[in-house]
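**Q** Quick one: the structure is below, and I'll ask about it shortly.
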Amino acid sequence: MTVISYRQALHDALREELLRDEDVLLMGEEIGRFEGSYKITAGLLAEFGAKRVRDTPIAEEGFTGAAVGAAMLGLRPVVEIMTINFSLLAIDQIVNHAAKIYGMFGGQAKVPLVIRTPGGGGQQLGATHSQNIELYYAFVPGLKVVAPATPADAKALMLAAIRDDDPVLVLENLALYNTSGEVPEDLEPAEIGRAAVTRTGRDVTVVAYSRMAVVALDVAERLAAEGIDVEVVDLRSLRPLDRDTIVASVQKTNCAVVLEDDWLTYGIGAEIAATISDGAFDWLDAPVRRVAMAEVPMPYAKSLELAALPSAEDAAAAIRETVDAVARRR
Amino acid sequence: MIDILMPRLSDTMTEGAIAAWHKQPGDAVSPGELLVEIETDKALMEQEAYEAGTLAEILVQVGENVPIGTPIARLDDGREPADPAPQPDAARRAASPLVRRIARERGLDLAAVRGSGPGGRIVRADLDPAGSPSPTGPLSPSKGTPGPLSPPGSLSPSKGTPGSPSPTGSLSPSKGTPGSPSPTGSLSPSKGTAGPPRTPGPLSPSKGTPPPQPPSPATVPFDAIRRTIAARLTESATTVPSFTATASADVEDLLGLRARLNEAADEEEPRISVNDLLVRAVALALRTHPGVNASYSAEGGGATVRHDAIHLGIAVASPAGLVVPVVRDADRLAVRSIAASTRELGRRAAARTLAPDELADGTFTISNLGMYGVEHFTAIINPPQGAILAVGAARPELALVEGRPVERRRLRYTLTSDHRIIDGALAAEFLATLTRLLEHPLRIIA
């Protein structure tokens, strides 16, 4: 067991898969000679050569489409889209081609494509470069979307994504790249579609993913000192969504708060709340609360950016109110 | 605006009549001034004003009789009527889905429970006020729990419906409605936390206070179902003038018939119990004597309400205490159907999954302690019903048949009746009809 960064965990997963399977190749802007905007692919061009680690033009639709074609013909391309914001330029390739070809053509061609891309705000990158729009992809049948919160999950889910025969979008997060955690040397690929209960508790279920799953654990530790025993469910996968784990947890705690970095209206939290209503209605002792970003394009000013993003304080307040509403605080 | 209520002027006073108004609408009223004279069951009493203002309206005129607590006049104190507090009305108490489920399963009446959640919502903690760590997990593992995970294929051919919470790798055409319908403009700079409006609702009783002392070992605080039982039976025992009448029947033929019915039954058919035959016999006897299938009503000067339908409550000991599921239209059901129905109701009572409508609308109750070997006993009427039958065990006794002593089994049963609507003769006639049916059991199944 070694402690490495989320960035390093992603790097290690890519390198191991490049070594393991000759059909794996990496594509993206500045991933080769520049070693990636966030240095995930550092050293890989030198080790595996330009045939396996390909710098592309600044043309997301073009190189994503090329990767879809390569995947249909048997390669296993891993495309880096510099941030999820730029995936909008490739959304037709992702939504209309990668997601649909297998079903539309009767299973004649699989699309074992991976799209790696970070989301997240908080870096003062402005409204167009600070979005959390994984929902656009989690919405689409035919795609899988995973969202690791820890270095171990980053590696295990990346391994699983590359070995999966369906197109998988791996949502990374700018704020998580420098976080670190224990990663076993012989880590196996994760099972895509499984959430994890990362902290067990009796009083309230907090559902989150990616950065907010880390925030959830921090808040849970803080609230433990106030006598609130929080259970944290880290979704890890947005599609497929592990409804069973969410429902089972809420059946135990009888109330839930959902944390999300995206906007509230029509967001992932709405889907979680609906899942709880469907599966645990008769176990609910309080309405499901959602904590999300302000409904504005991300402001540039640091103070406004911080105010717009959901904070640990926002999460703690919603959790306290929920626990007080069911008179559960000890 | 202040409502002036009919005061309680003596311990026994339940209603009062207006003898005279000393102020008229438009008159100024100051505290201590004589306002109204009220005639009670004991005396004529003068009532002073407690607040200053102008008498706005007289609601109860001289000579009219109203229960205590009824508004009799309105006093304008210059203040706007306060917004009605978000106290839930009697028709629809705010209660969490968890509370509603527990109430359904235990047969609780939520009207008797004080809600401590936001806006007076009844939450789980209000049902178990002892503060004991109570099981809040799934009560029955099969109910409402999501199915096993299907393999998370990105294109699974099945149509995922949101009603069944299985992970949806693919198609999930859900029609969603937001839980908290706050319209969000295209740009609303407030942070996107969704939840109830921050009303300063009542705080949790435990917040900031030391945990309650554990009850002494011999004290088991009532839960809500026990409170309901206690309140209703106290009301019955203290307000209903009741009397009891006991009869017995030779049930040798009845037991023989039951044995034959069960021998002739298919494997999958429910076995018929003595109680099932008894339920049918009681239903038929009630049809013959509709005056027993009746309730007392205080409307007007009092009335007997005869029920068209015969819905028999069957007292059942459940883990939560006494519950009385109801066999509806018992007089129209065959014994085999009654057997199936009582078995299912008993199973659901044990599992605490009875629905409210399975506990409602009973017109007569049967309480049978025969399975415990009880010879006979008396029961307390389950209001607003008019009578209840307490049934003992069929016990072997010596009887004279054609002058010779033989062993026969007899069953004793005691009818407790509300004397306001059922006289002794009617109770006796009902019991005689029932005895004839039990002693000629083919008439029960005919």
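Placement of Cβ uses the backbone N, Cα and C atoms for every residue, glycine included.
The compositional bias 'Low complexity' feature in TrEMBL is assigned to B:131-193. Sequence annotations record features per position, and here TrEMBL assigns compositional bias 'Pro residues' to B:197-218. The domain 'Lipoyl-binding' annotation in TrEMBL covers B:1-76. If you look up TrEMBL, you'll see B:94-131 marked as domain 'Peripheral subunit-binding (PSBD)'. Positions annotated as region 'Disordered' by TrEMBL: B:71-96, B:110-220.
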**Q** DSSP-wise, what's the residue breakdown of the domain 'Peripheral subunit-binding (PSBD)' (B:94-131) into helix, strand and coil?
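**A** Its residues divide into 20 helix, 2 strand, 16 coil.
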**Q** So what's the mean pLDDT when you look at the domain 'Lipoyl-binding' (B:1-76)?
**A** 84
**Q** What counts of helix, strand and coil residues does DSSP assign across the domain 'Lipoyl-binding' (B:1-76)?
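**A** With helix first, then strand, then coil, the domain 'Lipoyl-binding' (B:1-76) has 0 helix, 39 strand, 37 coil.
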